[in-house]
Amino acid sequence: MKHPDDDYELFNRLEAEMADPGADVVDLDKARAARESTPAGPESDDPAAAVMVDRPTTAAAGPGYLGRLATAKRRDVVPLWLRSLAELRTATGWVARHYAHVVGYHALRTPVYAARLSLQAPTGLARFVGGSMRWVADREGEPVRLAAVRREDPAEYLKLSRQRDGRVRLRTLVAVLGMFTGLGLAIALYVLAPDWLQALSVGALVLALGAHGRKADAPVIHRAVEVPKASKLTSDIVLRALGSLGIPAINQAQGKGRDGFEFTAPITRDGPGWRAEGNLPYGVTVTDVIERRERLASGLRRPLGCVWPEAVSDEHTGHLVLWVGDQDMSKAKKPAWPLLKSGTVDLFKPVAFGTDQRGRWVEITLMYIAAVIGAIPRMGKTFLLRLLLLIAALDPRAELHTYDLKGTGDLDPVGNAVSHRHRAGDEEEDIEYAVRNLRALREELRRRAKMIRSLPRDICPESKVTSQLADKHSLGLHPIVIGADECQVWFEHDKYGKELEEICTDLVKRGPATGIVLLLATQRPDAKALPTGISANASARFCLKVMGQLENDMVLGTSAYKRGVRATMFSWADKGIHYFIGEGSDARIVGSVYVDAPAAEAIGARARKVRELAGTLAGYALGEAPEDTGGPSYDLLADVAAVVPEAEERVWNERIAARLAELRPDVYGGWKGENVTSALKPHGIRTRDVAGTTDDGTRTTRRGIVRADILNAMTERNEKPGAA
Ligand SMILES: Nc1ncnc2c1ncn2[C@@H]1O[C@H](COP(=O)(O)OP(=O)(O)OP(=O)(O)O)[C@@H](O)[C@H]1O
């Protein structure tokens, strides 16, 4: 067989021969025949012979049968909805509720239906009598007879008339017999039948006549349920939609009569929708399709909220899974949240917080995460944060710290009921309250880190807090969940912004392993509102609708937009719908459970009761003011190291005091050299005479420290567990 590359190769060789006039003239046909009989390969002696990169088609291509079997994708024997008891229960519940609704709806309206039918009975009677008379008179044959008259065909007319006479005679007989039978039956009923049978018969007759008298445009019985008519998704519809995207490769293929999309599985029902799966043309990626989701929805003739193109992480980038829901995701009825009415939570285990497009629960394990929630205003960010905090509240061990920096009281249902620390507002004193508490939390973080380090390996094998460790009161390793709405208020604060950022970055980085969870929500996810140290280290990300690539990537991670994870595609109606990255999986689209303020109050009250029983209610929820944390809890050594540059090996304490006062005036304001001396003493740092030059240029010796001593003390402190 001729290989398509052969001509090209021969052409190259010919060119080479022409460049070298001493070479033989090549006969193309002969050369081709020679090549076909002796294919060049690595074993060829001719160094100039080109190596064929494509193996002959007759040779085995790819893995063998067993290899393909080993990597084959097996479809589920038992479908998911049958395997999951919860899904089966939900589906059965829906069907039962549907029929209960239909029965109830019609039962209530039965008298109305009866009255309507009775009113229509005279019309029905007239129609019946008229219809019967027309039948007896053989009116249906009239047009044919008239046609015979118009054609002036006497033979045909006579034949038809005779037939009609016979028919009319027979039908009159049947009608008279029927009338007498009916009349006899009526008299018999009137004379012999009990009252109820008479009433039943008259009722049935009236209803039957009423039904016969109904108008086509005024049905007596209305539908109890308007079932949305979702047309079946077929391959033609999918191809039509893909063709309307304006992707050149697909259009070219379709222009040449090909499909432009290779279905790899039949189109099937998948939850409340259809699923089509296949390969896009070479070079076209799923992202190209996601980018044109609106056009896709137009091509499919479906609302935007029904159309969800997705990439599959373990497939190539051109493998498209298209899920087309029967209903708009934002409007589809959601199953009842299991925790709405009852139940508690173990924060170390997954808890459902939303449903995916297919109506299946999506779970989150709040422990070991730090989360950011981002969205433009009014898309459901606060509701989502409150939902996560309510979940945390239902674990009686969890200590909650809630900060509503919008100040509208959205977090009060959690805060007032169970929070250890709670504040609503963005005034100076609210920020100071948060600063004091976060400082204390950072100390707590350090204590926990040391505690975990000092625990025997068999008790703490993974160097992180576990559910069992959290249960041990004496260790104080219970979960701490901090939630802040509109966190940009903290980080953009003139005075405390830097410090809050520093503490939060620490909590995001080291918090998860030590049982401290930080949940931050912001409506302006940019580098200032959500510092990169925080956004880059958050392990769970929730992104509701955002307007641009920058915000998208700030919340969902660098290059998420490029990979096709685009929260920009959500519409304004998609409240609560977001991309969720976490739980070790790729981005998923989730519609969070809708819990409004009254429902949140009820859950909060329930959580409080559970805490009262467990004896874990404390702090703000009990009306306790935060205990004074004993003044500033700064890391003095770190601050001194920060104000003494590397180049300055020795420095006077009075200079350190001045620089510290500049760094944190509220903490070190008014410090003199002596304060530095006495504050550093407990850390084992000796003050010594240091030679230097005063500001006016006089050389003198004053009390000071050596920078290396500070660094040594810090290293020693970090190495020695339990050290101050
Ligand atoms: N999961 C949800 N399902 C349906 N609707 C929701 C959901 N979550 C929130 N909403 C609706 O969206 C509205 C806005 O929600 P929310 O107050 O949480 O927005 P926000 O993003 O915090 O706004 P802002 O930036 O102004 O604080 C709510 O009033 C609610 O009606």
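Keep in mind that glycine also has a Cβ here, set from the backbone N, Cα and C atoms.
In TrEMBL, annotation is done automatically, which means it is predicted and not curated.
Quantities reported herein were computed from a predicted structural model and do not represent experimental measurements.
As annotated by TrEMBL, ATP binding site applies to Ala375, Ile376, Pro377, Arg378, Met379, Gly380, Lys381, Thr382. For Lys381 (ATP binding site), the same-chain residues that are 6 or more apart in sequence and have a Cβ closer than 8 Å to its Cβ are Ile373, Gly374, Ala375, Asp485, Ala521, Thr522, Gln523, Leu544. The secondary structure of Lys381 (ATP binding site), as reduced to three states from DSSP, is helical.
The coiled coil annotation in TrEMBL covers 424-455. Note on the coiled coil (424-455): residues 401, 403-409, 411-412, 415, 463-465, 469, 475-477, 480, 482, 484, 486, 489-490, 493, 496, 499-500, 503-504, 506-507, 510-511, 513-516, 626, 629, 632-634, 721-722 of its chain, located 6 or more positions outside it, place their CB under 8 angstroms from a CB of the stretch.
Look at TrEMBL and you will find 348-553 tagged as domain 'FtsK'. Confidence for the domain 'FtsK' (348-553), expressed as mean pLDDT, is 92.
What TrEMBL records for 29-49 is region 'Disordered'.
Per TrEMBL, the feature transmembrane segment maps to 168-190. Sequence-remote contacts of a segment are chain residues at least 6 beyond its ends whose Cβ falls under 8 Å from one of its Cβ atoms, and for the transmembrane segment (168-190) they are 132, 135-138, 197-198, 201.
For the binding-site residues given as Ala375, Met379, the lowest number of other CB atoms within 10 Å of the residue's CB is seen at Met379. For ligand 1, the neighbouring binding-site residues among Ile376, Arg378, Gly380, Thr382 are Arg378, Gly380, Thr382, by Cβ distance under 6 Å. In the three-state DSSP reading, Ile376 (ATP binding site) counts as coil. Of all the binding-site residues listed here (Pro377, Gly380), the one with the fewest other CB atoms within 10 A of its own CB is Pro377. Neighbour list (Thr382 (ATP binding site), Cβ cut-off 8 Å, at least 6 residues apart, same chain): Lys406, Asp410, Leu411, Asp485, Ala521. Taking each of the binding-site residues Ile376, Arg378 in turn and counting other Cβ atoms within 10 Å of its Cβ gives the largest count for Ile376.
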